[in-house]
Amino acid sequence: MNAPAASSGKAGSKHHSSGHPSWSTSRFFRALALALVAGLVTCLVTALLVFNRNRPDLVYDSVDYDVQVLDNGDLRISQTLTVTMNSREDDNGDERPWRELYQRYQIKPDRLTGISDVSVTDLTNGSTYRQADPPKDPDNLDQVPDWDKTMAGTWYMGTVSDAGLESYNPGDAGQGSACGDQGNQCQVELGWNIPQTAKDSGRRFRIDMTFHGVTTAHPDVAEFQWEPVGDTNQIPVEHVSANVKLPKQIGTKKDKDAKAWLHFAGRGSYEVVDDSRVRFSADRIEPGQHLDLVVLFDAGRISSVVRTDSQPARDRIVQQERQQYERWHTEQTRRARIGLLTGVVALLAAIALIAVMLWQAFRTYGDSQYQGDIIYYRQPPDLSPAVAAVINDVMLTRETPTGRQLSATILSLASKRAIALIPVKYKDRTNSGEGPVTKVMRSLLKGKQQSMEVVINPVCSQDRASLALSYSEEACLAMLEGASDIMGAEDKRFDLYEMVALFSSTEAGPGKVYMEAFDKAIKYETNDADLLAYRHGLGVLAFLAVLLAAFILLAGFLPGTVLVRAPLAVLLVAVAAFSMRYGCSQVLSRNGQPMAGQVSGLRRYLLDFSDFSHRGVEDLVLWDRYLVYATAFGISDRVVTQLAQASPELTDSEWLNDNARGSLLYCTFLPYSQNVPVASSVSGPKTLAANSMLGQGGMVDLGTQLTQGLEQIGGLIGQASGNSSGSGIGGFGSGGGSFGGSGGGSGGGSFGGR
């Protein structure tokens, strides 16, 4: 038969390069869709990182301080705070209401000697709380009966000890420390009892108190370090502001003006106003961070200060603060430079990765395609059917199912007369050996009308060399012979369905061994001919891209917030997904290109066969091989349909008996010519028959039928191998930004609730 072809001979065909076919529209849009999905998933992960942080039970939304430094150096403090209490649960999962809020402060002889003049006001409802004794068992407030009547609306102060809370007697500037049996240092708790509530937001309170023994007087200056929030605090504070008023200025000399510094490692600022006030603010004080204000002013502004020091301190304190500032600034500069440099490197690496991944994707896809000038090829390729299936699917950039390779190889054995395939009605089988068919096998075979018998011809044992079998065909024949022996078949004749059922239901047995041998034979043939090359760079680059995206999202020292860095991470992941979907890890080698021309040319010829003016099935041996390779390419159903339309004689049983007996054409078209109904396609994982239906009768598409049935065995290889498809810095001393100086000032405040 003749067909138009740019080259229709065999190995001697010329193969001129026709460029590098690196573009496929359908493949591009499929890869683009996967990239969009990957980008969306990355966006969702980013959203979880940003918005799904563990919500704290208690939050100080804002704390506003109004502080007056008294003439004796004590601090009269008035704080207005806004609190959010979120719903919470106890250890049993039951709702746990809020009943009490508290603040704790550190009493130390060199920082804070006592707290007095306490008052608590609920600004939400305007009520003033009254003083009460501290709770005896603060961890079990739910045991107190009638809480709202007996305890709500009261406040208390107590020293914190291992036994709980003990009564605290407020001290003043002249009493020294008031820690009782704990000596001169202790922690005191100021708490106030609220009406129990499951949750509340925007609740406002005003706490007034006096801190005693805060200021130290030197000959030249007075100084104090106040710490409203200490590093032991575990409650997040969203915003803090303060207005600290100094004693009236009696008259200061040059360079004796007030100075202040704000120690906070986050975003904060301060300023000294008119030499008589210090204002500062800070945002987002996280648990474990401290906020300290250091102030010094002329000693002549105060009198009767309890704590004094005979040594001048102004220059020493200024120098200490400058050193702390410079150390912190140097460290921040170093971190900023590292972060910026790392960010630039990450950006350049991301750009390079994106460019290389896209280049590799298009390049490897082009390398997987035939680049010669063969259009049609009318001869069977110089490859075994199983290897031809591999080359075909490399060009189609898909994995080759083992079942299709096995089906094509079985048909190849039949075309070489090593075996015979006989379509029979399942219920009429009487001569074949049943073998050890289990309940699972019988269930698999139940209801089947059309079956396929395999007969191993004597030539396999008498003159095997004359068959000229490839390694994969030899492995397949060994499998069939082994199945015949296992099933106890008479005259080397057995039912193919029973073999499929036997091998599919055996978790670790001969089926797996035979399939592994078949797979190894295919790989040996492919590697021995040096038909394929491997491009592992795609996977490596995609892996590096995902790692870099994770680093960009999670590395907190990089410039910008997570939301600012997220677009680059999303782009990296999306391009990685695109490159993996568009590119190919398995491509054609230099030796594989001529074979790919034969495979693609024959595939195109078989699909376009009905368009040719000169066509027919005069060469039955050639058409037997065509059906073999059509099965290997996964197009046997379309080829059989075209052949039936192009050659009406195939529907004549007499013609088949006279001209095609013993061929694959005979097995395929005899049921149709006799109007014998066959099994139709049935969905499900154990489907064993799927045939094209024409008119009232049907033709047995052996390729499709075998492929669908033998996929059951192909899955064993994957199981055996473990694989499956499938703060700005401002001025110094008079205002500017906060810096991470020392903590440990007067108060060391920490907050909590019960």
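Cβ atoms here come from the backbone N, Cα and C positions, even for glycine.
It is 1-20, from the ranges 1-20, 181-200, 241-260, that TrEMBL records as region 'Disordered'. Of the recorded ranges 338-362, 538-558, 564-584, the transmembrane segment (28-51) has the largest number of C-beta contacts under 8 angstroms with 564-584.
When pLDDT is averaged over the domain 'DUF2207' (61-297), the result is 87.
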